[in-house]
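Okay, structure first, notes after.
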């Protein structure tokens, strides 16, 4: 291996951090419904997803040849531009995680790249038409396609099993739904590992090629594959509990048949879209599927306020990550000190977001608590302020309304999962 | 700017058909299988249970085939 410059080392590390936030952010896609319906214990679910992501990273040999799939003209892109793009994408991923909003990690990366490229080389480096066909249109199509499929599938499954009323038989069908859900969630995890880990490998490979360390068109070295796979698996295992809560509980209340229908629809849409030449965002397909399943059950409701916040986040992803990316590129253009300042901003910003998240921690113990009701949120905040998370039993009059944050070993809020 | 409507339509169609078919098959399978667990009121008759179980395994077999094809698509 030849001489690796400091900048290149920074870019490689930043790319791995992005990969980590990507796993962190997208655990919800595979596991939110599985966790909320109680098909798997939260820790078991994220562990399974992490392992499948890791396997997925090694499965496919076809590394993404371009980062942006033609949105940005990547010929002669400089290493600083890649760095600036990653900064924009990471900060946006962390911010949406803090707010518990599922948003597409790929779109955040596209946005960062667009902003950085425009700042670096002007608007001519952007392919505007591709932005519409690869980002805007899929953002509308993905939730519709997955949602309609999940809604019809939910109706069908409730219709077929409406005659099953005996308690023993109900128990048997519930077990079946759980098994089915775990299988579809596994497929989503595997597909995520192959797609998104490849993306990071593509970024690192591109940076290595740009710096003249690798010959153009060469495959990524083994250390790139291993580190990208490990980064995404680690992110997945730590789990973006906030986003899992929104997807599994915030958008709608899912029961096992709905969770099964939603997850199957999401897995099908993801696989169909990536193999029929119209790629749809995993996150948007999964969110759409969950909402569709919510609408498909008689008496099911979708919390449109949460859904609206999520849609707004989708709309903002590209411009917001783009602005940060452009700002970062503006700084890195100034020379070495600019790159140092950008790195400090990235670390400082990430730390600040992490600190903010500690004020109201969401983890595997309280991931299934229904959140979003104003009074409950206030009470939770009050407890979090008075007592550090791993503290003992909170005041007993409060336990009747909410489970103790992070104190109960098993999840008291999980419903008994009746069909 | 060229929007590939045909690809979008095929994604939509394939997703819809496959999702509904899979969920339908799997539900048929688990409903059939649930017949063999004794009802709270009494036991079911033997012949229909065996038939239901065979049907259930046929449904699950098709689902497993679909999942295998999915894994094949991911790997290939």
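Using the three backbone atoms N, Cα and C, a Cβ is placed for every residue, glycine included.
Annotated features in TrEMBL:
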REGION    A:388-419  region 'Disordered'
TRANSMEM  A:6-24  transmembrane segment
TRANSMEM  A:45-61  transmembrane segment
TRANSMEM  A:81-101  transmembrane segment
TRANSMEM  A:108-126  transmembrane segment
TRANSMEM  A:132-153  transmembrane segment
TRANSMEM  A:200-217  transmembrane segment
TRANSMEM  A:223-244  transmembrane segment
TRANSMEM  A:311-331  transmembrane segment
TRANSMEM  A:337-356  transmembrane segment
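Among A:45-61, A:108-126, A:200-217, A:223-244, A:337-356, A:108-126 has the largest number of CB pairs under 8 A with the transmembrane segment (A:311-331). The transmembrane segment (A:200-217) makes contact with the transmembrane segment (A:6-24): 3 or more of their CB pairs lie within 8 A, with pairs spaced 6 or more apart in sequence. Counting residues 6+ beyond its ends, the transmembrane segment (A:108-126) has Cβ neighbours under 8 Å at 18, 67-68, 71-73, 77-78, 80-82, 84-89, 92-93, 96, 134-135, 199, 317-330, 333 in the same chain.
Non-local neighbours of the transmembrane segment (A:6-24) in the same chain are 50, 53, 79-80, 82-83, 86-87, 89-90, 93-94, 97, 105, 109, 196-197, 199-200, 203-204, 207-208, 211, 213, 227-228, 231-240, 339, 343, 346; each lies 6+ residues outside the stretch with a CB under 8 Å from one of its CB atoms.
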